[in-house]
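For 12, 13, 14, 15, 16, 17, 18, 19, the entry in Swiss-Prot reads ATP binding site, with the evidence type sequence analysis.
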């Protein structure tokens with residue numbers, strides 16, 4: 001492994017294709033030591049709250065995340081030390097008791113709606129990417145995901161989107177576009193953008209190994 005891992009930040013609105021872009025980049029490096037760290041894993045523990053209180057949490061606000069812990073763990077990985085990353089239980093709306101061990105890698109993709117919002121996190125990144133997707137596409141994807149994967153009802157997803165997700169996108173997420181080195185329209189289907197980013201990562205890796 002090289003002396004310092006490459007950190008790539010990937011952000012954009014909920015349902016905008018961040019994960020697809022991240023996986024597309026990952027798939028271009030099958031023989032490299034590369035891994036993805038999701039900001040969603042760092043949603044704060046809410047076990048002290050009732051279930052009714054938990055479901056009212058604004059999950060699209062910076063305060064919902066334990067970004068301090070994420071920064072601390074990324075710094076540990078940068079120093080070549082493994083960390084135990086938390087996991088989040090979306091059905092119980094709180095942090096799970098389970099963690100997973102993340103070993104040091106050459107490249108880390110840090111993915112989430114607010115990973116460019118905190119300057120301390122941005123300062124750790126070598127490449128910052130904003131996935132720019134139409135609002136209509138994002139809401140359709142979010143409905144499909146939350147109903148199929150998180151057991152949500154259609155009404156609850158739409159209510160949350162209109163009352164929280166959409167306003168938080170315009171208040172906190174969209175403004176971080178100005179920090180991005182690369183803005184990708186059309187998400188993972190934009191093969192040119194994915195290839196350009198892949199080439200840049202390959203160049204950084206090559207330079208680090210020489």
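All residue numbers here begin at 1 and follow the chain in the order shown.
Each Cβ is built from the backbone N, Cα and C atoms, and glycine gets one as well.
By the criterion of other Cβ atoms within 10 Å of the residue's own Cβ, the least surrounded of the binding-site residues 12, 16 is 16. When the binding-site residues 14, 19 are compared by the number of other CB atoms within 10 angstroms of each CB, 19 has the fewest.
Listed in chain order, the residues near the ATP site other than 12, 13, 14, 15, 16, 17, 18, 19 are 113, 131, 133, 138, 141, 187, each with its Cβ within 8 Å of the site Cβ centroid. Cβ contacts within 10 Å of residue 13 (ATP binding site), excluding its own Cβ and spanning all protein chains shown: 27. DSSP classifies residue 13 (ATP binding site) as coil under the three-state reduction.
Using a 10 Å radius centred on the Cβ of residue 17 (ATP binding site) and all shown protein chains, the other Cβ atoms total 24. Within 10 Å of the Cβ of residue 18 (ATP binding site) there are 27 other Cβ atoms, across all protein chains.
Look at residue 18 (ATP binding site): DSSP puts it in a helix.
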